[in-house]
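Novice: Straight out of Swiss-Prot:
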{"type": "REPEAT", "residues": "62-103", "note": "repeat 'PFTB 1'"}
{"type": "REPEAT", "residues": "256-296", "note": "repeat 'PFTB 2'"}
{"type": "SITE", "residues": "Trp327", "note": "site 'Transition state stabilizer'"}
{"type": "SITE", "residues": "Phe382", "note": "site 'Transition state stabilizer'"}
{"type": "ACT_SITE", "residues": "Asp393", "note": "active site, proton donor"}
{"type": "REPEAT", "residues": "415-456", "note": "repeat 'PFTB 3'"}
{"type": "SITE", "residues": "Trp516", "note": "site 'Transition state stabilizer'"}
{"type": "REPEAT", "residues": "546-593", "note": "repeat 'PFTB 4'"}
Amino acid sequence: MMPTKSLPDRTMEALKEAVQYAYECQFDNDHWSGEVHSNPIFTAEYLFLRQALGLDFTQDEKDGFIRWFLLQQNEDGSYGLAPDYPGDPSTTVESYLSLKMLGYPIDKPEMVQARDYMLRTDGMKNVRIFTRFFLATFGLWPWDYIPQLPLELMLMPQRSPVNIYTLSSWARATCIPLLVVRHHQPIYALPNGAHKDNDFLDELWNDPSNKKIPYSQSLWQMVGKEDLTTIAFTAADKVISLLGGFRKFPGRRYLRRTVVDWLVMHQEHSGDWGGYWPPMHGTILALVLEGFPLNHPVIRSGMEAVERYAMHDKNGRRYQATTCALWDTAVMTVALADCGLVRPNNVRLTNTVEWFLKRQCRGTEGDWRVYRPELQPGGWSFQDIDNWYPDVDDTAIVILGLLKHYPTSINSEHIIRGMNWILGMQNPDGGWAAFDWNNDKLFLNKIPFGDMESLCDPTTADVTGRLVECLGHFIRSPHAHTVDADFLRTVETSAQRGIRWLLDNQEPFGAWWGRWGVNYVYGTSNVLSGLHYFMHKGDDELNLAISRAVEWVKSVQLEDGGWGEGLSSYDDPALAGKGSPSTASQTAWSIMSLIPYVPATDPAVTRGVDFLVRFQTLLGSDHAYDRGKTGKNGKSWPEDYYTGTGFPGHLYLQYCLNPHYWPMMALGRYLRKAKGAGLTGHLEDELEGFPEPVV
């Protein structure tokens, strides 16, 4: 009988398979770009755009869309924000409208079930503002019952607490084109024609004769119930409505031209706007309403960019909310470094470095300049190309990847520029947000159009944790002595300010909230991955915070050895770390939370590592590369639950490479820890000579 292999042995085998799979998935031998799964709304709104522009669909396109929409439906007929997530009326009505536009018969069982869900829940009265907005463009909702979006917002000075630059980058890029659309109030044709009072969706209403559904309480109802800010914004909206939305006021033509100029200026050379679907959709509609023909170079390149969001496979045709080439490549680069099986002179790796360097944002673009005009550019973006909106999280993880593979590059121009940029983007409160500086005017979420509560980009624990990790790795680098001493002190001071914010914002139960990943498991992992660089004897406050977080991570481990947290924890903190079966990515995050602080033999770590090793499969995730890049060799991990976050409570994502690079990273860090403890035995030869990642 063959002796049972040790956990380090099995981990090494799993890592080799994972590296092979990663190689198979690489595009052009220099980058990775997995699909971003979300909910059906983005595909639906692509169809709305095509319908509004009068662009026909081929039968093959129709069949592909129909097949995909039907696969997304819940058993009760609804459509949710994520697979197996409770029904959402906005997602359901947009999916139903899409299927009906495509010619799918309304007497089919799937349509009957969706209709029954909407009627049973009185869903039409509860759709979000954006859904109302796009229904109004087809005459399916009265424009009078949509909040105002006055073009005069463009006139507000930058020092005002309410102006386009106090909105978050994504809200700004989305809302500015909608100012023009709201001004024009178009009515586009559906298959039954163009009608101001179109009855195309009347079967979804319990009372189709009354579609005048208020989007807020009356001012009288608000008195004594709502805060003064909400009342003031609502009152302003009512006044603007009474004045006809200012449409006939002097200067409207100038304001429309101002918006058009802003939109054209913000188009990337690739044709994109904002690297995210809503700005693409709204901007094309706005420019066409302002007289741009469909063959205009701006519109043509914009439509070409839209098509790069398309995915088509056996499951049907759909459109992504965004793309994530730079993020995927950066995280994969760190994972390859941490697993210790890729030499720095590997041609794939050197090609990836060149790919990164070409994409550093060093031009004159960038809305971040409005409030940080003296700061030198040097960030990286989330997408392949998004020069207007680099973000500090991506910049930090690119720097980590470069430093882990090439420690001697610490003084290179690209890294120093990147470091200077993220230092300059640190918020006055000591933490970091994703895209903007000091973007914390949370009262803006009280405007009638802010029902998704995502109009700002304040400091968050997960981003701050990543930045502390990046700064800590920079300071503790074996080549840090080659860096200017004053600059190192600046980095140290910045890190300490970030740590102070994290200590002040730890949850009572020991975890940290995750803005961009689900949820407390993600936030806590990012924070603990950074704090260990700054542990030292005598700092009782920091050590206590770490101890509480480590104990919390251990307390939510599942019986199978993994970790799983559901989306519902965003609605109910009592569900933090709970509510989902174990997932590969969340298990990896949790292992990385623990590795710096406990022995490699700690039961929580070994059970977690064992879970990842056991659940690695030949096919990995069903959501892996459907663009002809599914790994034919190597292994990955299955993951059907969404672990990425767009807007908590409103948009959830699954990055199809999440269940690959995070487990690689975790297993690599475990193996290094095991090596340090003398547990790797005969594996020493395989581990010898590789750069030693700091874990």
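Every residue, even glycine, has its Cβ placed from backbone N, Cα and C.
Could you tell me the structural context for the features on the list?
Specialist: Distant neighbours of the repeat 'PFTB 1' (62-103): 39-41, 43-45, 47-48, 51, 110-118, 121, 123-124, 126-128, 130-131, 134-135, 140, 190-191, 200-201, 204, 312, 315-318, 567, 640-642, 650-652, 654; these residues of the same chain sit at least 6 beyond its ends, with a Cβ under 8 Å from one of its Cβ atoms.
In the predicted model, the repeat 'PFTB 2' (256-296) has a mean pLDDT of 97.
Summarising the environment of Trp327 (site 'Transition state stabilizer'), the number of other Cβ atoms within 10 Å of its Cβ, over all protein chains shown, is 26.
In the structure as shown, the Cβ atom of Phe382 (site 'Transition state stabilizer') sits within 10 Å of 23 other Cβ atoms.
In the three-state DSSP classification, Asp393 (active site, proton donor) falls within a helix.
Other Cβ atoms within 10 Å of the Cβ of Trp516 (site 'Transition state stabilizer'), summed over all protein chains shown, number 21.
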Novice: Short question: which residues 6 or more past the ends of the repeat 'PFTB 3' (415-456) have a Cβ under 8 Å from it?
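Specialist: Residues 128-130, 147-149, 161-162, 166-171, 175, 215-216, 227, 229-230, 233-234, 237, 360, 362, 367-368, 371-372, 375-380, 389-393, 395-396, 398-399, 402-403, 409, 463-464, 467, 470, 474, 487, 490-491, 494, 497-498, 500-502, 505, 515-516, 647, 649-651.
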Novice: Would you mind checking how many other C-beta atoms are within 10 angstroms of the C-beta on Asp393 (active site, proton donor)?
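Specialist: Taking every protein chain into account, the count is 28.
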Novice: Considering only the recorded positions Phe382, Asp393, Trp516, which residue has the minimal Cα-Cα separation from Trp327 (site 'Transition state stabilizer')?
Specialist: Phe382
Novice: Run through the repeat 'PFTB 4' (546-593) and tell me, per DSSP, how many residues are helix, strand and coil.
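Specialist: Summed by class, the stretch gives 27 helix, 8 strand, 13 coil.
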Novice: Where Trp516 (site 'Transition state stabilizer') and Asp393 (active site, proton donor) are concerned, what is their Cα separation in Å, rounded?
Specialist: 10
